[in-house]
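Feature list (source: TrEMBL):
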- 29-51: transmembrane segment (TRANSMEM)
- 44-295: domain 'G-protein coupled receptors family 1 profile' (DOMAIN)
- 63-85: transmembrane segment (TRANSMEM)
- 105-123: transmembrane segment (TRANSMEM)
- 135-156: transmembrane segment (TRANSMEM)
- 208-229: transmembrane segment (TRANSMEM)
- 241-264: transmembrane segment (TRANSMEM)
- 276-297: transmembrane segment (TRANSMEM)
Amino acid sequence: TMHHSRPTNTSLSELHLTGIPGLQDLHHWISLPFCIMYLVTLAGNSTLLYVIKADPSLHLPMFLFLSMLAVIDLVMSTSITPKMLGIFWFHSTTISLGACLTQMYFVHAFSVMESGVLVAMAFDRYVAICNPLRYLSILTVPVVAAIGLAAFLRAVVFMSPLTFQICRLPLCSPAVVDHSYCEHMAVLKLACGDAAFSNAYSLSVSTYVGSFDSLLILLSYALILRAVLSLSSPQARKKAFSTCSSHLCVMALFYVPGLLSMYMQRYHQDLPPHTQVLLADIYLLIPPAFNPLIYGIRTKQICDGARRVISR
């Protein structure tokens, strides 16, 4: 079959994405859950944004962070899924170098942003549960905006050097990226020059973001649980537990596959490549689909807000 053979003499102004290496024969089947998750992501996050915007009672810090998360999820999944489905359905593996670098920048910058917003949301829950009377005086609109801006700037500052590094490295043919999107490490494998700095930089940034942010989140939830256990009523305890556990599940889905796929690519070359690519896809596809379900449908205010918007 033509699309399995590696084009060798392409000018490196364009690259070829293989999709999921080794599982090309299953692309049509794999595309089904991917497509469903993308549609759920679009519907869920758009609905969430619409309800939060339309219902004034939802203009609270928690829902402002949730709106940021929804926008990030829409951008992050849209930067990879349509192209991925194109590879799965139409074998359109070609991507221009410019589009590839843009995709890489968006995917990595927005996943760092998502991580920052997840930390902000954990902090928001901490203030709401441990300091409820001062909640609105601590998390004012300017403070929420500043936190959002900080998450955005951190992502830009961390990810810009990565993209510039790759722009400056000469790339060698075959111009085949063994991945379903332009993931930094996968593109870096095409470099003919010395890629040691890029390698070390990407590993340290992702380790720093992943471990530092998840530690902050765990700390927030540990403090929340301590406060919850001191609550007298079993109902209040049960409610806080169920909220915390669902939030922690979503966060685990984001951090664990992301860090695993990166370390596997670095240290376990003997693993089948599709394992690592599927892990990298999962952490960009599952959280955006589940975030609106877990934070939206399980949040009473959002459900009430949605009812009010519909009845209007």
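Cβ atoms here come from the backbone N, Cα and C positions, even for glycine.
Counting residues 6+ beyond its ends, the transmembrane segment (208-229) has Cβ neighbours under 8 Å at 112, 115-116, 118-119, 122-123, 125-126, 129-130, 158, 236-237, 240-241, 244, 247-248, 251, 255, 258-259 in the same chain.
No contact links the transmembrane segment (241-264) to the transmembrane segment (135-156), because fewer than 3 Cβ pairs that are 6 or more residues apart lie under 8 A. The transmembrane segment (105-123) shares the most Cβ pairs under 8 Å with 63-85, out of the stretches 29-51, 63-85, 135-156, 276-297. Counting residues 6+ beyond its ends, the transmembrane segment (135-156) has Cβ neighbours under 8 Å at 60-61, 64-65, 68, 109-110, 112-113, 116-117, 119-120, 123-124, 127-128 in the same chain. Packing against the transmembrane segment (276-297) from elsewhere in the chain are residues 20-21, 34, 37-38, 40-41, 44-45, 47-48, 51, 66, 69-70, 73-74, 76-77, 80-81, 84, 107, 111, 114, 178-181, 183, 246-247, 249-250, 253-258, 260-262, 264-265, 268, 303: each is 6 or more residues past its ends and has a CB under 8 Å from a CB in it. Across all of the domain 'G-protein coupled receptors family 1 profile' (44-295), the predicted model scores a mean pLDDT of 85.
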